[in-house]
Amino acid sequence: MPSRFIRELIPRREARTSLGGVVAALKSLTWVQWAQFWSGWFAWACDAIDYVAVSLTVPRLSTQFGKSTSAITTALTLTLLLRSVGAVIFGMISDRYGRKWPLVVNLLICCVIELGTGFVDTFSQFLALRALFGIAMGGIWGLSSSSALENLPVELRGLASGILQEGYIVGYIFAAVVNLTLVAQYGWRSLFWTGAGITFFAAVVRALVPESPFFLHVKEQEKEKGTDTSQSFLRKTKEMLKHHWLLCIYAVLLMSGLNFLSHGSQACSYTMYEHALDNDLFPTYLQITKGFSAHDATVATIISNCGASVGGAMGGWGSQYIGRRLMIICCVLLVGVFIPLWVLPSSFSALSAGGFCVQVGVQGAWGVIPIQLAEMSPPAFRATFPGVVYQLGNMVAAASAQIEATGGDNLKTTIMENGVLTVVPDYATVQAIFIGSVAIFVIVIALIVPEKHGSHFDDADDTDGEEATDHKSQMSSREVDEKSSA
């Protein structure tokens, strides 16, 4: 029985991809496909730069506006709460009008808000702009993932998914470098202005890349049928919610669990401890519970982020062979296996290794998500569905830091500090319990969430709840690509 259950998780033999198939698919890519993928990746990296600009400059912002750290982080809360609104607005616009110009406009709005943030004089102005930024930011992920993935061959989707998701890590690292260089010399405003400039460049790049061939193909079909686009889209929305409401719930639960897993292993600490200057709970845990210096904690965090980058690509790649759900489960199990190495040792090398391995698992699972959501999504809502469920899950998991802070207030341990035993929050135990519980939840949800490994994105109309089975009447991805190139 268990073996039969595992076989059901593994994709059919014909849906798996051989190494030769991946190489052949890479060689067959046109410049349009390359450009669409990397423009989507670039947009997602810019999203990270713009978002973490606040978290990296919390102490400077606190000094600038004369507010406490917890007051400054209200801006982050507003951004998280309003991201779902942006995902709905920009996702529906993209699914109706195209991938190209909605993403360009979305990036330009982010650029203007970032630029304006660098000129604010009052805290009220700052909060207002960050709230608006939350709406604009909410649209980026859904639009960038659909732009990047829907035109790629089936053989490359898994690897591309992992690379796309790790664009956020690249954006975070870039913002951290700017924070250590420009911000140290020119002040916090320079980080926001730099982010605005890079986002503007990303908008220009996307404007130069052609529209999605698959989207154009769908519109051609609608035109041939004489379909009223506005009425058709509203009808499809109602039909999608009617027939796929359970799928929406599954997806939100999965995204909530994975966001809890991510935030729980690298959650924001400044909402809990005003003296913590790092933007992740992991360095705070190293400093407070393990007695590390700020420098060693930062180095350990960089090492763990390297693990995240490796894990994302490996997770996406592996899902192409063993399936999306099974890859998520394997990565989450990897997290559970390395929790002891993550919390029990006291040496720098052991804890750094533990952080690296845990982040390989966490981001390995996340590397599957862009393509998992894209394949699960009803085809007419490939920008709206992934973006909305992702942001809803993110909103639910926003309480991670508060949950772990409360745990730290109730669980204490002692460390030797300056030759004196000092009572400190036991973040090791708190994080082990929290991450272990979330890992179990994610595995259960991953087992019941449906999977459409290797599904054809060009099945454009299945909102009635029935899957199209005759792919011969559809234009193949290669034919669409050749038409786009011509």
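Cβ from N, Cα, C; glycine included.
TrEMBL labels come from automatic prediction, so no person has curated them.
TrEMBL assigns the feature transmembrane segment to residues 71-94, out of the candidate ranges 71-94, 383-406. Checking the ranges 100-120, 268-288 against TrEMBL, the transmembrane segment annotation falls on 100-120. As stated in TrEMBL, the feature transmembrane segment covers range 163-184 out of the listed 31-52, 163-184. Between the transmembrane segment (100-120) and the stretches 71-94, 127-143, 163-184, 326-344, 428-449, the greatest number of Cβ pairs separated by less than 8 Å involves 127-143. In the predicted model, the domain 'Major facilitator superfamily (MFS) profile' (36-453) shows an average pLDDT of 84. Against the transmembrane segment (326-344), stretch 428-449 has more CB pairs under 8 A than any other of 127-143, 163-184, 191-209, 243-262, 428-449.
Contact counts against the transmembrane segment (243-262), taken as Cβ pairs under 8 Å, peak for 428-449 among the stretches 127-143, 163-184, 428-449.
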